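A quick write-up on the structure given underneath.
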Protein chains: 2
Amino acid sequence: MLSLILLMILSLIAFLITDELILKLKNLFINAGLYGIDLCKTDKNKIPEALGVVSGCVFLITCFLFIPIAFGNGLMDTQHFPHNEFAEFLAALLSICCMLLLGFADDVLDLRWRYKLVLPTVASLPLLVVYYVNFNSTTFIIPIPFRSWFGVSVNIGFLYYIYMGMLAVFCTNAINILAGINGIEVGQSFVIALSIVVFDIIELQGDQYKAHTFSLHIMIPYLATTLGLLKHNWYPSRVFVGDTFCYVSGMTFAVVGILSHFSKTVLLFFLPQIINFIYSVPQLFHFIPCPRHRLPKFSAETNLLHASRSIIIKKDMNVFTKVMLQILTLLRLVDFTEDNESITINNMTLINLFLIKLGPMSEVMLTKKILLFQILCSCVAFVIRYPLATYFYDK
Amino acid sequence: MLSLILLMILSLIAFLITDELILKLKNLFINAGLYGIDLCKTDKNKIPEALGVVSGCVFLITCFLFIPIAFGNGLMDTQHFPHNEFAEFLAALLSICCMLLLGFADDVLDLRWRYKLVLPTVASLPLLVVYYVNFNSTTFIIPIPFRSWFGVSVNIGFLYYIYMGMLAVFCTNAINILAGINGIEVGQSFVIALSIVVFDIIELQGDQYKAHTFSLHIMIPYLATTLGLLKHNWYPSRVFVGDTFCYVSGMTFAVVGILSHFSKTVLLFFLPQIINFIYSVPQLFHFIPCPRHRLPKFSAETNLLHASRSIIIKKDMNVFTKVMLQILTLLRLVDFTEDNESITINNMTLINLFLIKLGPMSEVMLTKKILLFQILCSCVAFVIRYPLATYFYDK
Ligand SMILES: [Mg+2]
Ligand SMILES: [Mg+2]
């Protein structure tokens, strides 16, 4: 308990340092050519990019400094030092540090897609070894209604490790594609992190309290440094966060989910990201043309955002695309106009979906609506996790 | 033994991949604005900078992939898994990964000096905790001639941790300041790494074989990826390695020295770097004016390098500087000319010292001479470590 209080004090300092450092360092980023222009604003200032590396570094350093506190009791009595828990903590930090490096390299160098898939997989390797050694539980508990078919639990063995590796890849990329308006990447990560912290606090009473203490040790400094970043990234953004931030966040959530054994609950908190991913699939896999950027279109006259659109040339359409379009139309998930030669369709992201359903709105309003949706989804997650889970699983 | 053979095969693949990746990625670096002009050449091409991040990443990934092999026996029998050794390995990789990140951030953003001192210290924290938990031996054995005064050994306690933290800072920066001509950073690191590998192999028969196996597990992939980088960085350089490489190398040597308990032997292999550092002190601490770059001056007519020089204004000199100059002149360590108002003195680096002692020479010859000196120093180190040490210490 004392260590959690010390961690909170450390994290408060980390928040202040993140805030200060971003202010101090942001010109260095512009000088290094790391900047972007905000496409949803009338003034075309240079906005420093990839500042997620600052909050990420402060986050890591806070965790480093917390090591002697977290393992203080063990350090007094090195005979009974919990080497396995220490290795867990180190593996977690190692995976996060790798993603910080990869994310920053990506922001600077603009890497290809294949590296974005290969490297999170490799970065999660130490994690999987720790998991294997410390737990190696590869069993899924089957919900009660399905037990007559599958039994009480299914041991999926090696597949469980593939699942965990893919979780890291999914989390890192899912946040990165729900992006494009001020404050959205950091905002959603903040809500997810907060949900995990609430979940940890509820579970601190249970018999898994050790796993949830571990999770809190990672999430509290993450939350603090993310808040420091959000302060500068909130509308109107003075800094952009870059892929760095998305990668670090995704890996942090994956790490906590895996090592504290609540990866399914973490996925519940990713509901909006999952919806956004599934909705994006037709464009991500190029069944429907996908432009480089799918962020909403800014109208300088009204100061409002409109859904951005792509054009499909009719004669390029194959049967599969046609069927897909019909289903999407039937489900009222797309807004399209057509003439003889082409179909104009909204880009399929959650952000554009909000705009076609709720009408054009200002950028800050859109961010707030999406974050509200994220919070609502977290509430749904808690309902699924608690009242419903007792129906599907034994207590 | 089998695991060492597998590691060598992995490292061979790592060498090939490093070689290939550097070729593939170097244009990305130029596009990202990461390039420099080689000041010691007549043609002024853009040379991609900071390619050390590529060899560093391949090095790390090789180590990751080696984890299941290194701990293969433990993985079969998780009851007796060597958690402490695993934590050691993870802490080593974590410290190296941090330096890779910091080095790359430094190359991109051009950080201030204070960050270069603070961050290696923080990055070595996990290392120190591992050391504390696994060994916590803070005792220096006193050489026989001095034992009448100090006793057989002195326990310096907490100071030992300060010494180890400073070792990390020293190693990372010492390589970075013995730089400026093609291939010198990578060349010297390669010689040091090779010396450590030879030392490990000799000691594999001894009772510290576990520590030296650990050291080999880190040094072999390091050596392979460094060789891949050297191929492109050797005269005439097609790529520059950046601070990234120097930081990663320094931290790797420090990690191995600390966790395998032969930090004093590692320092012996750093003899040229120590000489260069001591010789540089008057300029590094600004007793004598220090220009931003102290690399040798290239003469386009002769294609030779000459020692570069700085000017000291006589009326700005204080007594301390005067005394220092007199001592340096007495020791024949500087080459200077003076007129009524000023003194022109060679910049005080080992590279310039070679040029004033041996006369102007071509760049590739200078690199070879300095690397030869590094090899000679390693031989001296082995003489000190073995025949002499038996005189000063009990066997
Ligand atoms: Mg992004
Ligand atoms: Mg350098």
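Quick reminder: no glycine exception, Cβ is built from N, Cα and C everywhere.
Curation does not apply to TrEMBL; its annotations are automatic.
Listed in TrEMBL for this protein:
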| type | residues | note |
| --- | --- | --- |
| TRANSMEM | B:6-23 | transmembrane segment |
| TRANSMEM | B:50-71 | transmembrane segment |
| TRANSMEM | B:86-105 | transmembrane segment |
| TRANSMEM | B:117-134 | transmembrane segment |
| TRANSMEM | B:140-163 | transmembrane segment |
| TRANSMEM | B:175-199 | transmembrane segment |
| TRANSMEM | B:211-230 | transmembrane segment |
| TRANSMEM | B:239-260 | transmembrane segment |
| TRANSMEM | B:266-288 | transmembrane segment |
| TRANSMEM | B:370-393 | transmembrane segment |
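Segment contact holds for the transmembrane segment (B:175-199) and the transmembrane segment (B:239-260), given three or more CB pairs below 8 angstroms at sequence separation of 6 or more. Long-range contacts of the transmembrane segment (B:117-134) within the same chain: residues 84, 87-88, 91-92, 94-95, 98-99, 102, 161, 164-165, 168-169, 172, 247, 250-251, 254-255, 258-259, each at least 6 residues beyond the stretch ends and with a Cβ under 8 Å from a Cβ of the stretch. Most Cβ pairs under 8 Å to the transmembrane segment (B:50-71), among the stretches B:6-23, B:140-163, B:370-393, belong to B:6-23. A Cβ distance under 8 Å defines the sequence-distant neighbours of the transmembrane segment (B:239-260), meaning residues of its chain 6+ beyond its ends; these are 22, 26, 29, 34, 36, 47-53, 55-56, 59, 88, 91-92, 95-96, 98-100, 102-104, 106-107, 120, 123-124, 127-128, 130-131, 164, 167-168, 170-176, 179, 185-186, 189, 192-193, 196, 200, 208, 211-212, 214-215, 218-219, 222, 226, 229, 232-233, 266-267, 269-270. Segment contact holds for the transmembrane segment (B:370-393) and the transmembrane segment (B:140-163), given three or more CB pairs below 8 angstroms at sequence separation of 6 or more.
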